[in-house]
Amino acid sequence: MSAVPHATPSPTTIACLLGPTASGKTAAALALAARRPIEIVSVDSALVYRDMDIGTAKPSRDERASVPHHLIDIIDPADAYSAASFRADTLRLIGEIAARGRTPLLAGGTMLYYKALTQGLNDLPGADPDVRATLDAEAERDGWPALHARLAQVDPDTAARLAPNDSQRIQRALEVFMLSGQPMSVLLAAPRRTDDAAAAYRFVPVALEPSDRAVLHKRIAQRFDAMLDAGFIDEVERLRRREDLHPDLPSMRCVGYRQAWEFLDGDTDYRTMRDKGIFATRQLCKRQITWLRAMPERIVVDCIAPDSTARALDALERVLDGRTPG
């Protein structure tokens, strides 16, 4: 008598609410929380930082009290948080939330994190404080354009897509080369490293996208002005008073913070700071939408429709109830 093979369990469906800045993700997530026992896992590289509340449009205390939120306020602005850390933390949290009999909802707009979660990681070396300190010292002496020129010699493909003053990415690309001996462009082109941890899940993205980008741009300007009115400049000033923060840290390169830092340094006036902050947010939005449109499996909801929250709620419930293809 032949043995009966064990059936492979079907992967658990995980609803993911993705969208650019100012697309209404928080409203849709809270609407779902009013209907189901969910816990929200943030997919946002800015919300991880403590003491950065206004400029990141962090959910309010009341909103966070109404439904559990995860991966918010988990590290200090002086520290770094990687896509690999996000992947490990999120997979752990999904299991813990399910064990409590609740439903995880992934929500955010950092598409690099989502890609790392669903497609695996590249074999890039981790950050090395000593290498970074060396590169910082060289940049202080020679300037970032000089380091960009050095990068062009060892990794011309990466250098070609970076501006000569893009300190964070130039530093990372040189760091990768110094630690691995290989150009970052070569490592990124290699097959991604995967494991079985994510194979137990089927991630279904519900994408909030604008049918008219001009409407979203208007929202972005209104939101940036609201942040300024709420005390954003004071928030950045408090961070500046710390002796361990500087504008090249990942935290201070978040949209808005870098522009506010330049203003407080006296490099720009208030109007220019506002305009540059809004422009940078619009550019971020453009990149986020480009990432979303590269996901053929996504369920699209028009985020500027009058009933966009209701539409997003319906899409999320269909995903959770298994009423979607795939």
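Cβ atoms here come from the backbone N, Cα and C positions, even for glycine.
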Swiss-Prot annotation (region 'Interaction with substrate tRNA') - matching range among 97-102, 205-210, 253-258: 253-258
Feature region 'Interaction with substrate tRNA' in Swiss-Prot, mapped to one of the ranges 118-122, 168-172, 268-272: 168-172
Given ranges 44-47, 92-95, 228-231, 304-307, the stretch to which Swiss-Prot attaches the annotation region 'Interaction with substrate tRNA': 44-47
Annotated stretch (region 'Interaction with substrate tRNA', per Swiss-Prot) among the listed ranges 126-133, 134-141, 286-293: 286-293
Helix, strand and coil totals (DSSP H, G, I; E, B; other) for the region 'Interaction with substrate tRNA' (168-172): 5 helix, 0 strand, 0 coil
Confidence summary for the region 'Interaction with substrate tRNA' (44-47), mean pLDDT rounded: 97
Surrounding residues of the region 'Interaction with substrate tRNA' (286-293) on its own chain - C-beta under 8 Å, 6+ positions past either end: 18-21, 109, 111, 115, 205, 207, 209-210, 213
Which of Gly19, Pro20, Gly24, all binding-site residues, has a Cβ with the fewest other Cβ atoms inside 10 Å: Gly24
